[in-house]
Amino acid sequence: MAKHQFQTEVGQLLHLMTHSLYSNKEIFIRELVSNASDAIDKLNYLKLTDEKMKASLPEDWKGEINISFDEKDKSLTIVDNGIGMNEEDLIASIGTIAKSGTKSFVEALTGDAKKDSNLIGQFGVGFYSVFMVASNVDVISKKAGEEQAYKWSSTGTGEFEIIPVIKESNGTVIYIKLKDEEAQEFASKYRIKNIVGKYSNHIAYPIFLNYQEEVSEELSEEDKKAGKEPEKKLEKKHEKINEATALWTQPKAKLKQEEYNDFYKSISHDSQDPLLTIHTKAEGVNEYTTLFYIPKTAPMDMYRADYQPGVKLYVKRVFITDDEKELLPTYLRFVRGIIDSEDLPLNVSREILQENRILANIKQSSVKKILSEIKKLSKDEEKYEEFISQYNRPLKEGAYQDFTNKEAILELLRFKSTKTELGKMTSLESYKQRAESEQKAIYYIVGENEKVLRNSPLLESYKKNDIEVLVCDDKELDEIITPALQAYKEWEFKDITSCEPPKVEQSEEEKKEVEEKFQDITKKIKEVLGEAVKEVKVTNRLSDSASCVVKDASDAQMAQMMQMMRAMGQEMPESAPILEINPEHEIVKKLNGCKDDSLVEDVSWVLLDQAKLSEGMEVTDAVSFAQRVSRITAKAL
Ligand SMILES: Nc1ncnc2c1ncn2[C@@H]1O[C@H](COP(=O)(O)OP(=O)(O)OP(=O)(O)O)[C@@H](O)[C@H]1O
């Protein structure tokens with residue numbers, strides 16, 4: 001008899017399951033049925049691709065799931081004839097080794113029981129949900145092709161036990177001893193039928209409910225006349241309680257949205273309806289069916305490198321894999337659903353999959369279809385806002401990664417801008433329409449804080465000229481992606497921190513004249529600031545502020561590279577900016593010609609630091625900044 005400790009996170013999870021998650025307990029049936037179906041899927045695949053496995057199975061083997069209950073025993077049993085688990089599988093899958101998801105699940109718990117039980121499926125902690133209702137669980141399993149069967153038992157606290165047992169056929173039996181208070185609800189024919197109908201109706205295999213029912217014997221006319229009481233006896237029932245058809249194989253016209261929604265819930269473990277459903281049957285060079293869903297709420301692991309892909313691959317209704325990230329591009333990793341191909345060979349290996357031309361075609365058409373359906377969704381403003389609130393970020397990645405569909409993705413993106421109210425966003429098309437006829441660029445500013453960006457001195461000349469600027473406040477992503485977008489319908493994207501200000505109504509002579517007038521002071525400031533600035537210039541970019549910091553085009557490229565390095569975990573210093581001063585401003589005018597060297601020094605630093613602060617950057621030395629401001633104030637009083 002071997003006792004094992006649950007791994008810490010599994011232990012934590014089980015504690016939560018049993019003590020905190022009360023709402024929606026019924027989903028444990030959905031989770032176990034879905035595991036049973038997955039196990040049959042796996043064996044089905046092996047039967048078709050592995051000669052040895054085929055030989056070891058009965059000729060007429062067909063996957064099925066059996067559920068039975070016993071009111072007196074207060075138990076529920078779920079049986080499948082799928083792939084089964086051996087000792088190592090039992091330990092690895094439901095025991096000591098917490099999958100990466102379990103830890104993040106525990107971290108993501110909100111304390112709100114309803115939301116939390118919603119997270120269960122998303123993190124792949126499905127099996128453990130059984131402990132919401134069970135006082136003890138036995139998992140008796142025999143792996144297909146192996147001799148020895150094992151029994152895993154646990155009360156869901158601290159430890160579990162595995163012993164070898166005898167079991168004739170391959171597959172898994174899950175015997176659930178219900179807690180007293182749950183027995184009445186779940187050891188019930190009607191309740192089980194109702195739950196299976198709700199969540200597992202379109203599981204591709206038949207689900208049978210087995211129970212005993214009291215029936216009265218049929219009396220003959222004579223016996224009836226003689227007033228004989230009919231005898232009551234228990235009859236065994238074996239009733240199919242689901243449709244057992246793969247939903248996606250049915251004609252679109254026959255399916256109701258409600259059925260699509262139910263199927264979505266059964267494959268995604270989400271309790272909400274999907275935001276968008278896309279069912280496509282393609283005939284022609286390649287024959288395939290796809291059924292895609294976009295969840296209302298982005299999957300919890302969307303920003304984890306080890307996210308679980310949401311699309312399952314089938315070949316002629318046979319499940320092939322649900323662990324292939326290449327089925328859709330990474331930026332569409334939030335899409336859930338299935339791809340069922342008629343043309344792929346059944347024994348496709350992962351390597352073949354990745355290079356397969358048929359799959360590449362399906363992928364390409366699927367992406368186009370999904371993007372065009374999102375475009376249609378954008379006509380419904382309310383729904384589209386919902387979509388954007390969840391998926392603008394991955395789509396931005398798409399505009400960067402997917403060159404072929406860049407234009408289509410750019411149309412779907414939404415941006416904050418100086419001409420939208422706080423909290424509202426604009427499309428690039430609307431931006432273009434609002435612009436004046438001679439404008440041929442899309443201006444943007446990147447930073448961390450929307451409020452700071454909206455007040456940046458760099459916007460002054462744009463505001464004055466009524467030019468809209470996109471406010472990109474997702475610095476980590478925008479600094480890399482936005483410059484790489486290059487252009488939308490021939491309108492170049494221009495970073496206002498590194499491009500020329502608009503409508504510079506200044507002739508070369510005027511420019512030269514101003515530069516000469518301020519030559520000494522710009523030189524002096526540069527001397528004071530040294531390596532802290534790349535250059536000091538007088539320009540007419542500003543109207544209200546005295547100074548700002550900008551980058552030139554090559555610095556902007558450098559900044560983009562540095563941001564990439566930072567994203568990869570490298571420490572990177574900020575490169576020295578160009579300090580631009582406003583010749584029309586009081587401070588600059590007075591500074592030009594100031595004989596007090598220590599004052600010039602203090603003011604030079606303050607010009608740099610205040611420009612940085614108002615553009616949302618950090619000053620290098622806050623204490624010195626404060627001391628300088630004090631000294632200047634003292635002199636001014
Ligand atoms: N009936 C079963 N037959 C064979 N293997 C099973 C069965 N039930 C569970 N398993 C194994 O245990 C693992 C863990 O199951 P669990 O329900 O906790 O998560 P999951 O099914 O992997 O994730 P999700 O719930 O998101 O689908 C499964 O991946 C599978 O390998």
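Placement of Cβ uses the backbone N, Cα and C atoms for every residue, glycine included.
Please treat TrEMBL annotations as automatic predictions, because they have not gone through curation.
Looking at the stretches 56-83, 504-531, the one that TrEMBL records under the feature coiled coil is 504-531. With a threshold of 8 Å between CB atoms, the same-chain residues lying at least 6 positions outside the coiled coil (504-531) that come near it are 537-538, 540, 576, 579, 581, 583, 588, 591-593, 600-601, 604-605, 607-608. Using a 10 Å radius centred on the Cβ of Glu31 (ATP binding site) and all shown protein chains, the other Cβ atoms total 20.
For the region 'C' (564-637), the number of residues in each DSSP class (helix H, G, I; strand E, B; coil) is 43 helix, 4 strand, 27 coil. Cβ neighbour count for Phe127 (ATP binding site) (all protein chains, 10 Å cutoff from its Cβ): 18.
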